[in-house]
Amino acid sequence: MDLVSRIENLPIGKFHYTLLWVVGLGWMFDALDTGIIAFIMTTLVKDWALTPAESGWIVSIGFIGMALGAVFSGGLADRFGRKTVFATTLLIYSLATAACAFAPNLTWLLAFRFIVGLGLGGQLPVAVTLVSEYIPAHVRGRFIVLLESFWGLGWLVAALVSYFVIPHFGWHIAFLIGGLPAIYVYVIIKKVPESIPYLINRGRIDEAHELVQQIERHAGVPVIDTIVVKPVAQKQQVSFRQLWSGRFARRSLMLWLVWFGIVFSYYGIFTWLPSLLVKQGYSVVQSFEYVLIMILAQLPGYISAAWLVERLGRKATLAGFIGACAISAYFFGQADTVFNIMVWGCLLSFFNLGAWGVLYTYTPEQYPANIRAFGAGWASAVGRMGGIAAPIVVTHMMVAHDGFHQVFMMFTLVLLAVAAVIVILGEETQGKTLESIGL
């Protein structure tokens, strides 16, 4: 049995859950630093007397960094290792977030937010690739959705920090708290193993075998001494053209369109949700309270997606959740009472974040090991283009007459288009090993 198959056939146990928690907490810190700017913007706009264009660029500059980070981290992860890039990117965005607290003006804040984006964008595709390569096919979808659920926890922490800190101590302290995850790099170095397919592709066969034996020993299964490596797993040259050659062209087109649409809608909605509610006449504290409740709805969204993704499959679950999110966005935009805002806001949050969990499962399943992180990184990078566009579009629409309703009508149409792309171009990958999908 080859090394990758030995990992694939391990029983689910402590090793897998430890990996999920350690990487998941890193994912949570990513969400904390992403989410905290949404709440800081409500007071920063007033403190610095920012124009809509300036406030839009504070958010968009981060997505420019995220796009570049996603592109380069994929190639770097295939060259230097998933673990190394995962730890490095976490350190980058944590330190840059703390530096934002000391920004004396808009120019410096934009520079620091760009660096934050480099780290944030680089971490996510690498994290999901690393976990995917250790989880057996029959539960991989569930584990990746559970990994993505840490994103909801991160936004919840961001909302709690903002609710208790910003009104009393100011946004500078909130940024400093966002820098604390830098300490967590030590845990990653100690607890996270390097990817087996990566080690094989780099010719480090003995190191990969030793790691597999160590995992087998801890799992309580017979330790195999023979080293077998499949030819398909051997080191290959990675190029951008591979993403658009043969069977991968359709997959890449589907992923790029879906990533662009879902990132555009997610960050356009949730990054500006507190500010949109304030513009509707609610106080800053009220907007924080409402968004906090909506964020809580993300957690059952992840759980339901984790259950459905191994029953209905990736394609049906993803398209269904995004379609339901589109309906929720429409009615949220029409809501004129607190009750309706909360009901449709919670459903919007439930379906949107559940869809994210499925998307992070689905993305690395489209490519073989030697271009997996590279392909996932490019899909994420194209998505960040949507993140760059969304804040600018939303800030301009917000100042128009009936802007709130127009914004959510736009997101409804975008989400419906994304669901259609999945139905038309998507391939089902449920229950297949990563290597068989890439063949």
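Cβ from N, Cα, C; glycine included.
Now, the feature entries from Swiss-Prot:
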TRANSMEM  20-40  transmembrane segment
TRANSMEM  57-77  transmembrane segment
TRANSMEM  84-104  transmembrane segment
TRANSMEM  108-128  transmembrane segment
TRANSMEM  143-163  transmembrane segment
TRANSMEM  169-189  transmembrane segment
TRANSMEM  253-273  transmembrane segment
TRANSMEM  288-308  transmembrane segment
TRANSMEM  316-336  transmembrane segment
TRANSMEM  338-358  transmembrane segment
TRANSMEM  374-394  transmembrane segment
TRANSMEM  407-427  transmembrane segment
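Scored on C-beta pairs under 8 angstroms, the neighbour of the transmembrane segment (253-273) with the top count among 84-104, 288-308, 338-358 is 338-358. The transmembrane segment (169-189) shares more Cβ pairs under 8 Å with 84-104 than with any other stretch in the list 57-77, 84-104, 143-163, 316-336, 338-358. Counting same-chain residues at least six beyond the ends of the transmembrane segment (57-77), those with a Cβ under 8 angstroms from any Cβ of the stretch are 34, 37, 41, 44, 50, 84-86, 89, 106, 109-110, 113-126, 129, 198, 238, 267, 271-272, 373-378, 380-385, 387-389, 391-392. Residues of the same chain lying 6 or more positions beyond the ends of the transmembrane segment (84-104) and with a Cβ under 8 Å from any Cβ of it are 23, 26, 29-30, 33, 36, 69, 73, 76-77, 112-113, 115-120, 122-123, 126-127, 130, 172-173, 175-176, 178-182, 184-185, 188-189, 192, 194. Tertiary proximity for the transmembrane segment (20-40) is limited to same-chain residues at least six positions away from its ends with a CB under 8 Å from its CB atoms, namely 58-59, 62, 86, 90, 93-94, 97, 113, 116, 120, 123-124, 127, 130-131, 143, 146-155, 157-159, 161-163, 166, 171, 174-175, 177-178, 181, 184, 187-188, 191-192, 270-275, 288, 291.
Distant neighbours of the transmembrane segment (338-358): 141, 144-149, 151-152, 262, 265-266, 269-270, 273, 277, 290-291, 293-298, 300-302, 304-306, 309, 314, 317-318, 321-322, 324-325, 328-329, 331-332; these residues of the same chain sit at least 6 beyond its ends, with a Cβ under 8 Å from one of its Cβ atoms. Here the listed stretches are 108-128, 288-308, 316-336, 374-394, and the one with the most C-beta pairs under 8 angstroms to the transmembrane segment (143-163) is 288-308.
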